[in-house]
């Protein structure tokens, strides 16, 4: 990820990219490259990749996600390898469940796809501590991502472990496997430019390259976003929203784009960024126009930050990322379909793009025609980089209209096969389905249990003391979000005091004599709160969390302060319920049941209920409306942190999204934002593999701040409305997805300027002929295709574009 994507520290892990063959099956054994592209068994190849992170989904989801990616025209999948997930405690390894990285690669190979193994150790990725295991901090003398033996020894050991696992499974190309590239380090050039680190960084990055090449994997090694000080034995690549202007500083290296950001992550306190489909298509088309040969969508499927894996600060549990496949694995239309059409056109031009001669011709400012020629064939790109005007371009006697901020692709230099701004694919609006399960809500029988605070209010076993305020991550060894600080003083005066705490904690709860006297979340600069460990930067092992150093003061009404920072402090990490693993619902837990009411708005409370799994295969979510802040589990599986009470800022420009112009993931840009004034996240993914079929499922909540579980509901996410626009001569295809849902009605068939957006269109010039045609072809069907003809037009309609909306 880029610098803006991660807030604080360096990140660590392994990133893997998986590349699908353009033909069925894989069999590449010799991998090389030249200045134009990768060369696989002697053939130059275009690679179109997409990121899918295996721990952000489940093994049961992997085959379907990979299948959809391949059907979307990808010939690559990318993923990080997550060190702190695989080695949470030193020399204790986890390669089970959704951390079974070898199984994930085998699923990709089974789909007929190649793989690129990107080994960090740095990943960022909005992942807890950037993928670094926290125990690294305990190694004497360690400095992250600089030239020093403690860090390099740990990095080499983990890199060697991952390489060995891949070799043992015959995953490298020379073994008949899918891996055709490997990466060491990640985005190092973003963070390590401090003057005092230049020499150490230089030695470290060259050590990385040498260490990687000694692994003898038989494929080239890459470094992404490494434009400065590139070692001679690696290939550097580009990351960003746009990479058409980027070229390697060595002409022998092909132009490769390892992270094309399809959207953006979401913070708890911010609206959601939506990168327009037209803009992504524009960026990809421009990249290949300007000699690109490999590009990867980050993300193609974002998934979910289950458990405590969300990085910081403020990253939500959902890692949807506005990707072509949504958090649950559903197609996000039109993004998925429009890019699929682009991929098809690009792959049809593979030979001429990678072997042909080319010439760029400027047609004034911001308009460029690129013509590729090979033997007697030619292919052309025309781009219009103006963000405020359409243009007409005459090429070989034919005039072509280009909307602003768009690229047209002409595989024969005569006929436009694709324009990035003209979307023909349907738009799908997903909705929360009212189902029998949702109707169970009023019948949920809740039981509850107070969190036992006694161990933290007294100096019981497990506590330890220090005459200083300690750093939270080290003290908890990152095994819990919660750290208790306790001190005592003799108060002889009268009157009231204000407790002042300078902390990098995310939320603070204050107790006096065992009673909760207040809680506070502070997003302002007086308190720098964060939800999880930092995950971006250089020497971020030095960046503190918690009430480290303080000060902690009691301030009386006169302004006099008692500084408690150097008092004797007692510490204990975690919750009693965490130690007892209440979330596993073991026998012996003393749940309290109430026939009619349960305590609400009570901090530090556990709740439990049961529900039946919804029928079918639609995506399942739990709606936590009414709750405040905490953690949720289903059948012992952590859904992650929840915070539905945190409402995103309401700001000007929300919901306004003009695709034209440079996309920036900045709230200040006030462009392409949604969810303003709404909960940052209210729905939490429950993968089908978490659920028991035909048996009760247990939902357990730990509510830390006090909420009302009576409004909690289990829902399914399904296609609601499907819409499309097309000109005469085009075909319109509408589909209600792959789970047997059918089109129930046609709502709008307008051959004019339809007002509104998909799901709420108001036809401006209704066409009865078009309506009847779509009703006859579509109602009662899972999908339908209709040819748009002149007969659909109405006299007096201004626009020649048909807009249709149907309900699933």
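Backbone N, Cα and C atoms are what each Cβ position is placed from, and that goes for glycine too.
Not measured: the values here are computed from a predicted model.
Here's what Swiss-Prot has on this protein:
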ACT_SITE  187  active site, proton donor
ACT_SITE  259  active site, nucleophile
DOMAIN    726-808  domain 'SUEL-type lectin'
CARBOHYD  249  N-linked glycosylation site
CARBOHYD  260  N-linked glycosylation site
CARBOHYD  366  N-linked glycosylation site
CARBOHYD  375  N-linked glycosylation site
CARBOHYD  392  N-linked glycosylation site
CARBOHYD  432  N-linked glycosylation site
CARBOHYD  502  N-linked glycosylation site
CARBOHYD  526  N-linked glycosylation site
CARBOHYD  566  N-linked glycosylation site
CARBOHYD  595  N-linked glycosylation site
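Annotated features taken from Swiss-Prot, shown on the structure.
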residue : record                      : DSSP class
187     : active site, proton donor   : coil
249     : N-linked glycosylation site : coil
259     : active site, nucleophile    : strand
366     : N-linked glycosylation site : coil
375     : N-linked glycosylation site : coil
392     : N-linked glycosylation site : strand
432     : N-linked glycosylation site : strand
502     : N-linked glycosylation site : coil
566     : N-linked glycosylation site : coil
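Nearest Cα neighbour of residue 259 (active site, nucleophile) among the listed recorded positions (187, 366, 392, 566): 187. Taking the Cα atom of each, residue 502 (N-linked glycosylation site) and residue 566 (N-linked glycosylation site) are about 14 angstrom apart. Ranking the glycosylation sites 260, 366, 375, 432, 566 by Cα distance from residue 392 (N-linked glycosylation site) puts 366 first. Cβ neighbours within 10 Å of residue 366 (N-linked glycosylation site), excluding its own Cβ and spanning all shown chains: 15. Cα distances from residue 249 (N-linked glycosylation site) to the recorded positions 187, 375, 432 are smallest for 187. Mean model confidence of the domain 'SUEL-type lectin' (726-808) amounts to 88 (pLDDT, 0 to 100 scale).
Most Cβ neighbours within 10 Å, among the glycosylation sites 260, 566: 260 holds that distinction in the structure as shown. When other Cβ atoms within 10 Å of the Cβ of residue 259 (active site, nucleophile) are tallied across all protein chains shown, the result is 27. Spatially, by CA atoms, the recorded positions 187, 260, 366, 375, 566 include one closest to residue 432 (N-linked glycosylation site), and that is 260.
With residue 566 (N-linked glycosylation site) as the anchor, the candidate recorded positions are 187, 260, 366, 375, and the one with the nearest CA is 187. Across the structure, residue 187 (active site, proton donor) and residue 260 (N-linked glycosylation site) place their CA atoms 14 angstrom apart.
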